[in-house]
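Q: Here's a structure for you.
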Amino acid sequence: MSANNSPPSAQKSVLPTAIPAVLPAASPCSSPKTGLSARLSNGSFSAPSLTNSRGSVHTVSFLLQIGLTRESVTIEAQELSLSAVKDLVCSIVYQKFPECGFFGMYDKILLFRHDMNSENILQLITSADEIHEGDLVEVVLSALATVEDFQIRPHTLYVHSYKAPTFCDYCGEMLWGLVRQGLKCEGCGLNYHKRCAFKIPNNCSGVRKRRLSNVSLPGPGLSVPRPLQPEYVALPSEESHVHQEPSKRIPSWSGRPIWMEKMVMCRVKVPHTFAVHSYTRPTICQYCKRLLKGLFRQGMQCKDCKFNCHKRCASKVPRDCLGEVTFNGEPSSLGTDTDIPMDIDNNDINSDSSRGLDDTEEPSPPEDKMFFLDPSDLDVERDEEAVKTISPSTSNNIPLMRVVQSIKHTKRKSSTMVKEGWMVHYTSRDNLRKRHYWRLDSKCLTLFQNESGSKYYKEIPLSEILRISSPRDFTNISQGSNPHCFEIITDTMVYFVGENNGDSSHNPVLAATGVGLDVAQSWEKAIRQALMPVTPQASVCTSPGQGKDHKDLSTSISVSNCQIQENVDISTVYQIFADEVLGSGQFGIVYGGKHRKTGRDVAIKVIDKMRFPTKQESQLRNEVAILQNLHHPGIVNLECMFETPERVFVVMEKLHGDMLEMILSSEKSRLPERITKFMVTQILVALRNLHFKNIVHCDLKPENVLLASAEPFPQVKLCDFGFARIIGEKSFRRSVVGTPAYLAPEVLRSKGYNRSLDMWSVGVIIYVSLSGTFPFNEDEDINDQIQNAAFMYPPNPWREISGEAIDLINNLLQVKMRKRYSVDKSLSHPWLQDYQTWLDLREFETRIGERYITHESDDARWEIHAYTHNLVYPKHFIMAPNPDDMEEDP
């Protein structure tokens, strides 16, 4: 039958076809009516049903014989049709034998019914009425199937985020980017660039989908829809849903069109014409799948098809060059490399790590919902070194997101209950021993009236517990009572916990009532661990006889006023909430905490010294050393530092959230210009203080701009100085620092950098705040992108943003450092020299009672401006002098 005679309701398929066992000779010359024996799996022959049960039953059950595989299927009687049966056959083959699929299988299979009473046992089915209950239906491949059909097996490609360095299986180049770097085939697992999607051959092996042929499908009526027509290509849409199962997602990309595939297959294959080639991007040999190492002349490239390989592999490559394939009149093979300098450690990328480490499917990002376009309407990207055309109305940039660095931003599993059980106690105020059902979680110890009710006698926050000690005070014990087992000491009361009955053996009956030394010791151990959850359990003192508690761990405490105290345990001063992860930096994880005596909320960065070599310990203390010398309202305040042999604890003030969270939670995932001006001015004022002291932050990004409150116009403070450097006004540094998405080109290229590095980051912050996307695409050179205004500032959303904002961004995102704006020049830019912004800042300074952003010398100028333009000039602003005047004069 013709390929164009498929039912209108069924989309044209590129499903895997009948397995090799379906027909012993699956070739165009095979007989269209050759079937295998109708023997059942139990050895007996099937007998056709003499009556059709559709009149009395709502479903029809029959057997499908596909080669040596037999499946029992059930179809609703009212839905039984020849088209439905063929759909079901395609689905079974697609699931059990995906590597045997071919183009247009639906139109090239024949169905035969086994009739044992007929001389010709196999009877061709031309109508669904010929299928009866219990029949055996043989699936046979038609002679219309050609060799080309078997060789065309399109890939099923999905946008994928890779966690390890991965290379394109078409061009051999690395897949660049932070997320959604490329496309992965669900069938064979190969990886491709998005730009290579329309060039790759339709040769999917389907090895990842293969199901054992002797394993039945989950249900007899399972029906899997056939793939979409190969003439249509699915592209990402801006509106979509996430967290779809890989098997349920709609394929987002396809390979080259079928007509091109057939044209290529007709070409004569000739030997490759190899020439020595220098690669500017990390590339692998497409024969042995290993990295082409070296600075230049790393390997050989075919002049015609651009196949890349080692010199040693050139003689082993099959002679299958097809020349340069054109698509819509344009070259479809890989073009010349674009010059994007990037340093890659060859030791970190090998044949094992370059692929296979990223097979875990991640939830599809929101852009993966599909709509369909005819490929003739699509412009194929050129790989030549040129500026690519960008959509004039929308941005192709990566959406703004939280960038995670070396330490995974993971939250400790929050256990609602650490320990629970009956326990007895009395207090320093009441010597009557009471029995309650204790429940210990990560933040408090609650004494319930019973084990099932919600009423409780007392709640003891862990942050109020000053220390746990062995039994020392027996003055309050009742006469004739047994002594307690340990003491919980708070600022207002002492809890004497447990009852030591003198029996060292374990008594389950007494333990269930809260009496006994062993049950009390288990509670003491659990509470000690809850008080210091980030300390390894092996390091925590658990024996009641130990009086030093945690003091053997903590060796010193360094306070911001330079006082040093020996043997001070951080758990006696602060309570760390392990399930309250505020964020993670390069060197540690930040937890929420509370000062035990005052109840003040703090943020505690816990740095694991064991993660870093001894020679880097000085770098770990760099943040503390810098913060100790910084006292500015726009910079997070350091309270103190604790150090143990294993960890460093940096205690800082706790703020409400960060700027990135504010951006992402906004209505359009971007900020209005008014709020952006307000926050950027504060960032620049804090940077001015840093640069005046020759301190460069080196890792400025929205995650490191903290907000003091949830107000629409909040106070902002800079944090995370782990990368900060002391750099003089005319000095340069070369060490690699910071987060790549916000770093200036000179750092990424390992060139010398100075304090202007922070100004580039400010430009990126302004860009992402106003647009909600990163300014640069990972696949293109920054110079080319900056010069392409259509790429940098697409009408959506930049038509709504003032030209002054764009001008400031352009002056900050200058590749040449000497052309980049300084702090003072940025503060003087017309975009920030705005009367409304000045009013917002003055209102904020009046609210907090401190003037440190604006300067009193500007008051007269703005008063004249208000008078000239008939604007209201408030008189209630505070007039206190700027504190910066006393320590700097920039």
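For all residues, glycine too, the Cβ spot is worked out from N, Cα and C.
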Q: Quick one: which of 271-321, 628-678, 730-780, 832-882 does Swiss-Prot have down as zinc finger?
A: 271-321
Q: Do you know which of 103-153, 154-204 Swiss-Prot annotates as zinc finger?
A: 154-204
Q: Hey, which of Ser30, Ser37, Ser49 does Swiss-Prot call phosphoserine?
A: Ser37
Q: Report which of Ser44, Ser205, Ser481, Ser828 appears in Swiss-Prot with the annotation phosphoserine.
A: Ser44
Q: Can you check which of Ser41, Ser406, Ser558, Ser802 Swiss-Prot annotates as phosphoserine?
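A: When Swiss-Prot is consulted, phosphoserine appears for Ser41.
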Q: With Cβ-Cβ distance below 8 Å and at least 6 positions apart along the chain, what are the contacts of Tyr426 (phosphotyrosine)? List them in sequence order.
A: Leu432, Arg433, Lys434, Asn476, Ile477, Ser478, His484, Tyr495, Phe496
Q: Where the distance is taken from Cα to Cα, which of the recorded positions Ser584, Val590, Tyr742 turns out closest to Ser442 (phosphoserine)?
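A: Checking each of Ser584, Val590, Tyr742 against Ser442 (phosphoserine), the shortest Cα distance is to Val590.
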Q: Looking at the binding-site residues Leu582, Ser584, Gly588, Val590, which has the shortest Cα distance to Tyr742 (phosphotyrosine)?
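A: Looking at Cα distances from Tyr742 (phosphotyrosine), the smallest one goes to Ser584.
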Q: Going by DSSP, is Tyr742 (phosphotyrosine) sitting in a helix, a strand, or coil?
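A: Reduced to three states, the DSSP call for Tyr742 (phosphotyrosine) is helix.
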Q: Sequence gap of 6 or more, C-beta under 8 Å: which same-chain residues meet both conditions with respect to Leu582 (ATP binding site)?
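A: Val590, Tyr591, Gly592, Ala603, Lys654 - these are the non-local Cβ neighbours of Leu582 (ATP binding site), listed in sequence order.
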Q: What is the three-state DSSP composition of the zinc finger (154-204), stated as helix, strand and coil residue counts?
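A: The composition, in the requested order, is 0 helix, 14 strand, 37 coil.
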Q: Translate the DSSP assignment of Ser442 (phosphoserine) into the three-state scheme.
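A: DSSP call for Ser442 (phosphoserine): coil, neither helix nor strand.
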Q: How does the domain 'PH' (416-532) divide up by DSSP, counting helix, then strand, then coil residues?
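A: The domain 'PH' (416-532) comes out at 23 helix, 41 strand, 53 coil.
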